[in-house]
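Colleague: If you scroll down you'll find the structure; I have some questions about it.
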Amino acid sequence: MKLSRQFTVFGSAIFCVVIFSLYLMLDRGHLDYPRNPRREGSFPQGQLSMLQEKIDHLERLLAENNEIISNIRDSVINLSESVEDGPKSSQSNFSQGAGSHLLPSQLSLSVDTADCLFASQSGSHNSDVQMLDVYSLISFDNPDGGVWKQGFDITYESNEWDTEPLQVFVVPHSHNDPGWLKTFNDYFRDKTQYIFNNMVLKLKEDSRRKFIWSEISYLSKWWDIIDIQKKDAVKSLIENGQLEIVTGGWVMPDEATPHYFALIDQLIEGHQWLENNIGVKPRSGWAIDPFGHSPTMAYLLNRAGLSHMLIQRVHYAVKKHFALHKTLEFFWRQNWDLGSVTDILCHMMPFYSYDIPHTCGPDPKICCQFDFKRLPGGRFGCPWGVPPETIHPGNVQSRARMLLDQYRKKSKLFRTKVLLAPLGDDFRYCEYTEWDLQFKNYQQLFDYMNSQSKFKVKIQFGTLSDFFDALDKADETQRDKGQSMFPVLSGDFFTYADRDDHYWSGYFTSRPFYKRMDRIMESHLRAAEILYYFALRQAHKYKINKFLSSSLYTALTEARRNLGLFQHHDAITGTAKDWVVVDYGTRLFHSLMVLEKIIGNSAFLLILKDKLTYDSYSPDTFLEMDLKQKSQDSLPQKNIIRLSAEPRYLVVYNPLEQDRISLVSVYVSSPTVQVFSASGKPVEVQVSAVWDTANTISETAYEISFRAHIPPLGLKVYKILESASSNSHLADYVLYKNKVEDSGIFTIKNMINTEEGITLENSFVLLRFDQTGLMKQMMTKEDGKHHEVNVQFSWYGTTIKRDKSGAYLFLPDGNAKPYVYTTPPFVRVTHGRIYSEVTCFFDHVTHRVRLYHIQGIEGQSVEVSNIVDIRKVYNREIAMKISSDIKSQNRFYTDLNGYQIQPRMTLSKLPLQANVYPMTTMAYIQDAKHRLTLLSAQSLGVSSLNSGQIEVIMDRRLMQDDNRGLEQGIQDNKITANLFRILLEKRSAVNTEEEKKSVSYPSLLSHITSSLMNHPVIPMANKFSSPTLELQGEFSPLQSSLPCDIHLVNLRTIQSKVGNGHSNEAALILHRKGFDCRFSSKGTGLFCSTTQGKILVQKLLNKFIVESLTPSSLSLMHSPPGTQNISEINLSPMEISTFRIQLR
């Protein structure tokens, strides 16, 4: 009876809610379209536009109604479950925390139990080689290996090739950094253009000659200045197999610090350029210079349709171990792959470098003699003291034997009789003389070797795919028996060391200012891409020529290319010359400005009530983002919105595919402010001081903050005005160890001598701080438990040995020393209705911890912001350490490229710097009961050197070069903003065996918190108050949120096949994230559910009709056979899938 009575009451409530909701929606329909006498002059046109909008609006109401019914159904299910579970305290979630915003109860998280199976199954249990195990096996003792210093002596029997000859492919290449010691443009002007020009001439001279090229950024720059004859010559060289484009990305990217969004984007940019200009599809990957290698890159290449890849920079001890076991060629499989769908055949180069002395065989003294650019009389020789000799009939026999001996020895490290011998180095084949020296001397050696049947060798120039095709053929017999001769490997190749204890973990943090700028650029680019495509389709629909004919798409293309260029392994890494860094920064800065314009223009068109009036507005009326950066090396500053009694529009964009309630903060000119929703409802506002200095309040600016509920990928309109009847809430301040002379309108309490503790709380957590303003403890309200979460700062110095830390290397002088201050820091505590925070001011870092009073995702984590300034220190690195009571032992977890989680072990047999790993978006530690996650809005180096600790290196200033070619230290430090979130989650019980798995997944809450932080809402104001301007209340392009575990990576307008303009198609890129279900999903405030990766196309969009949707390979290079329109999207966990979509 009790149950049925509850259902009766609940059913009645639902009926009322539905009726009231429908009434409100219909009422809002009228409110949205008031009569406007201004339109009477062009009545028919305006009326048509409005009629179309009304039809769209009714469709949306219908969709919303369906969504409400769906949510009610879920709520009934949830209610019945909660009744069966017994009564729950209604106070548990909402008992404390001033002003927490309650969410509608029907919008609770619903996870399909089938979606939990993936993470609960162990990943990659069928790998032959698991990198975590390899690190346990290797002793890392580094004995002298003889001529191959880091290896061992290689021997062979002369009859080993009697039955099957050795097949050698010599692959000429030139490694062209798009910026390092010179800028991209300077390298092109001085070197690269000559390589291309000579390539066309010299390859045509002899059809046996081959060459490979990787960086499309350079190829495209050259293509723009050459004539049609040269273009045809290049196409013909590719067609006859003499020239191969390898990888085909815009650059050869770093693999530690970039986010997968940018890795994919530069791959698409390169592949699209190749398709539109040359019509070629790369087959093999070539990564000889990135400083360590990520399985994320292997996955992306596989999904782009490449079948093979090559890597070079791997820890010398790992190379030796692989050489001993002949595992240098392997199928690289993702840790999470339960089958073999992600396998890609990978060749690891065995020796120290990709240069010629280290690629023909184990003895560099001999191999150097076969680099014919080093002949006597040239600009540089062989450091081993024996120069090359020009090949002639008198020495060809002895030289051929010497070279063949090296090839044979090298081949002993592999499982087949097919051998790769790269022939190149940085910016090689620049002079036409080198083409002659290398190709003519080698051809004489080849001709001689091939003529001697006793040598049992077949040798030739080849492309990378020539080599891999032969390798596949050698494995064919084994594969036909159902078992390849190559092992399966899972894991990654960080952290890289090229010799001794020289670990390349410094660059994980080097120049963090630009690492942060990179992520802001990514967020802006993605936001601009999505809004631009929606606006483009509406502009087509309403024939808005001003938008269609604008240069926005050209600017968008340039922004993609500038972001792509920055993913280069000497750019985002922070390992280029100072002026080259300025060049990269300037490119990013200019593109940021342009993207803000694209976002503003696109949003304006989409939110404009009468689309046909778009052409009549000047650009000054368009929406302007609230953040402005003055120069490439300064932090963004907020614009001040000038208020008056005349309302100003404030448009807020949610670039995420999830419905969200987020804080919106803008600066205004007056504290007496009112904010109204589009329907005229007043919005609760917190007014906070804008601080000109640590203890000086601005007299001209005030910060207003309010909660905004914004639809997925949508725009929400608010009105702000100055008003004496303001209902805003002023923040209160408590100051420790300092005081404010003029507090203005704010209540400020000065605490000079007090031992009183500092606390912050909301409805989820209570934080305790010490007198210095540093967090000491977190209490989770869900269970009332206190947890040690202790934040400290510390310094690393550099070793007293000859080799010291530099841009690449981290060589510390032992453990970090605590950050010591002479006078206690000034601490400022803010208590507000929307957020509260503690800010403490140290000499080198301004540290802010903030809690949001938002009942939802934003309220469950702790936001940490550090403004770091180490411009005056000498050979030091500053770190933030979080110490907790979590019993994590020596195990911790870091993400790879924001795509997947890689378990790590802190190994005592390795030096401290070897235990530092790259973190792109998150790192966590855990025990059987809890997980502590540090979410990051920028790539940095991270470690867990002791149980319960996470330490992140935030900036480094180093006075010397580390002897890796840069020839300078890092002394161009900026005032740098680092942004983090700390999330403490309760885990369901797990057994200890599960903790040893080679795979781990974040929780859904962690995933979405990371997305919220990396893709914040974007507030925009119209530049000038315009009384005649009318905007819709909102623009909501999706029918509902995408499933919780599906992320819209991009909606990227595809370039037209003719010219540089846009086509009508876009690349829809979706990522289904793997997540761990063993975390509480109650009260998370997620406005979505999971659907086993299924999305019905007809239920996807609201304002648009999907004209076509077809599957594609990741970078649009390939379409599956028999491709046709699909009506349902099906994504498997962890997969990133691209579709060609056309909307109208």
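Yeah, the Cβs are placed from backbone N, Cα and C, and that goes for glycine too.
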Colleague: Starting from the Zn(2+) binding annotation in Swiss-Prot that includes His175, Asp177, His569, which of Asp289, Asp466, Asp469, Asp472 is the extra site residue?
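Modeller: Zn(2+) site check in Swiss-Prot: besides His175, Asp177, His569, the record includes Asp289 out of Asp289, Asp466, Asp469, Asp472.
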Colleague: With respect to Swiss-Prot, which of the residues Ser82, Ser207, Ser943, Ser1127 bears the note phosphoserine?
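Modeller: Among Ser82, Ser207, Ser943, Ser1127, the residue Swiss-Prot annotates as phosphoserine is Ser82.
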Colleague: Going by what Swiss-Prot says, which of Ser80, Ser662, Ser726 is noted as phosphoserine?
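Modeller: When Swiss-Prot is consulted, phosphoserine appears for Ser80.
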Colleague: Please give me the CB contact count at 10 A for Asp177 (Zn(2+) binding site), counting all chains in the structure.
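Modeller: That number is 25.
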Colleague: Given the binding-site residues His175, His569, and counting only Cβ atoms in the protein chains shown, which has the most within 10 Å of its Cβ?
Modeller: His569
Colleague: If one measures from the C-alpha of Asp289 (Zn(2+) binding site) to the C-alpha of Asn1125 (N-linked glycosylation site), what distance in angstrom results, rounded to a whole number?
Modeller: 41
Colleague: Are there any residues in the same chain, six or more apart in sequence, whose C-beta is under 8 angstroms from the C-beta of Asn1125 (N-linked glycosylation site), and if so which?
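Modeller: When sequence neighbours closer than 6 are ignored, Asn1125 (N-linked glycosylation site) has Ser1108, Leu1109, Thr1110 within Cβ distance under 8 Å.
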Colleague: Taking the recorded Zn(2+) site as His175, Asp177, Asp289, His569, identify the other residues of that chain whose CB atom sits within 8 Å of the mean position of the site's CB atoms, giving them in sequence order.
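Modeller: Other same-chain residues near the Zn(2+) site: Asn176, Trp180, Met252, Ile288, Pro290, Asp426, His568, Asp570.
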Colleague: Ten-angstrom check, please: count other Cβ atoms within 10 Å of the Cβ of Asp289 (Zn(2+) binding site), all chains counted.
Modeller: 19
Colleague: What does DSSP call His569 (Zn(2+) binding site) in the simple three-state scheme?
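Modeller: Note: His569 (Zn(2+) binding site) is coil by DSSP, not helix or strand.
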